[in-house]
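The GTP binding site feature in TrEMBL is assigned to 23-30, 70-74, 137-140. Sequence annotations record features per position, and here TrEMBL assigns domain 'Era-type G' to 15-187. Per TrEMBL, the feature domain 'KH type-2' maps to 218-300. Annotated region 'G1' per TrEMBL: 23-30, in sequence order. According to TrEMBL, the region 'G2' annotation covers 49-53. For 70-73, the entry in TrEMBL reads region 'G3'. What TrEMBL lists as region 'G4' is 137-140.
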Amino acid sequence: MSRTPTDAPEGAVHRSGFACFVGRPNAGKSTLTNALVGQKVAITSDRPQTTRHTIRGIVNRPDAQLILVDTPGLHRPRTLLGERLNDLVRDTLSEVDVIAFCLPADQKVGPGDRYIANQLAELNRGRRGTPVIAVVTKADLVTHEQLALHLLSVDQLGEWADIVPVSAKGGYQVGTLADVLVKHLPEGGELYPDGELTDEPEAVMVAELVREAALEGVRDELPHSLAVVVDEILPREGSNGSNPLLDVRVNIFVERDSQKAIIIGRGGSRLRHIGTESRRGIEALLGNRVYLDLHVKVAKDWQRDPKQMRRLGF
Ligand SMILES: Nc1nc2c(ncn2[C@@H]2O[C@H](COP(=O)(O)OP(=O)(O)OP(=O)(O)O)[C@@H](O)[C@H]2O)c(=O)[nH]1
């Protein structure tokens with residue numbers, strides 16, 4: 001993974017900033033995020049939404065750093081909680097540099113899309129507008145003719161800074177979309193520069209990779225009892241080459257001894273498997289070789305103890 005703009009041409013502009021993806025459920029936001037970032041970072045766990053700006057991935061290029069943040073989902077409010085959630089979404093949207101509105105090519109523009117389009121228009125009314133890119137996703141599922149018709153109806157749906165058809169699965173135009181998003185970022189250096197390996201977003205992503213691997217196959221047994229906390233990420237002393245070995249120390253917390261036994265497995269076999277699986281993702285994420293040190297600990301009934309929950313990052 002390229003992390004510094006050192007290979008950018010002399011005097012070239014470097015841009016950095018935030019983008020977020022909106023769109024109705026199943027529009028293809030997560031798949032597209034993964035295709036852009038080129039790593040598996042999407043969070044499929046049921047971790048409660050506690051941070052407003054969950055970072056889904058960082059696209060590092062010689063000319064730009066694009067940080068993709070998540071929103072809890074823009075939907076029609078049915079309850080007061082829904083309204084609060086939508087306020088939160090609007091706050092996030094007004095803080096990012098560019099918004100990508102995903103509309104699946106294989107489905108007609110519908111009321112859900114119109115609702116989001118209206119919300120976006122309202123957000124931009126009477127203020128410095130946040131550019132919105134209409135992204136027509138899943139282009140591989142339709143014919144050229146259908147795609148052309150769909151692009152026309154998307155065009156009529158609102159004011160877009162650009163319209164880009166993509167297929168995350170077929171790899172069609174994913175690079176073009178990255179170019180278009182980057183174009184709307186302000187000039188500036190990397191916001192998450194090299195060397196800040198313990199910076200929260202990366203630690204959160206490392207924790208999610210471990211959590212996902214740990215839950216594999218035991219999701220039903222331990223759905224909510226697992227918390228993963230990254231203790232430290234440190235370059236190994238004496239390995240200061242261009243690609244130092246990183247020591248990554250991670251604690252896996254469960255609520256009961258019986259759950260600890262499940263995670264560790266017979267003779268430690270499950271824990272070894274979790275280590276191998278998650279290390280692969282962590283190395284891809286950090287761009288370094290990694291020595292992963294996993295510890296399983298029991299934090300009795302942590303879900304009922306606010307102090308423990310805070311300690312575990314909830
Ligand atoms: N054929 C095809 N299928 C896709 C593409 N992108 C996503 N999908 C599929 O569409 C479904 C939804 O994709 P997600 O990326 O989970 O959609 P999402 O918008 O993140 O969904 P929510 O998390 O519910 O908001 C999945 O079954 C994907 O495999 C694509 O480019 N082509």
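In case you wondered, yes, glycine gets a Cβ from its N, Cα and C as well.
Sequence-distant neighbours of A139 (GTP binding site) (same chain, 6+ residues apart, CB-CB distance under 8 A): A105, L147, P165, V166, S167, G170, Y172, Q173. When Cβ-Cβ distances below 8 Å are used as the criterion, the region 'G4' (137-140) is approached by residues 23, 27-28, 31-32, 102-106, 147, 165-170, 172-173 of the same chain, each at least six residues removed from its ends. For G23 (GTP binding site), the count of additional Cβ atoms within 10 Å of its Cβ stands at 22 [all protein chains shown].
In this structure, N26, K29 are the binding-site residues from N26, K29, A139 whose C-beta falls under 6 Å of some atom of ligand 1.
In the shown protein chains, 13 other C-beta atoms lie within 10 A of the C-beta of N26 (GTP binding site).
A139 (GTP binding site) falls within a helix when secondary structure is assigned with DSSP.
Each residue in the region 'G1' (23-30) has a pLDDT score, and their mean in this model is 86.
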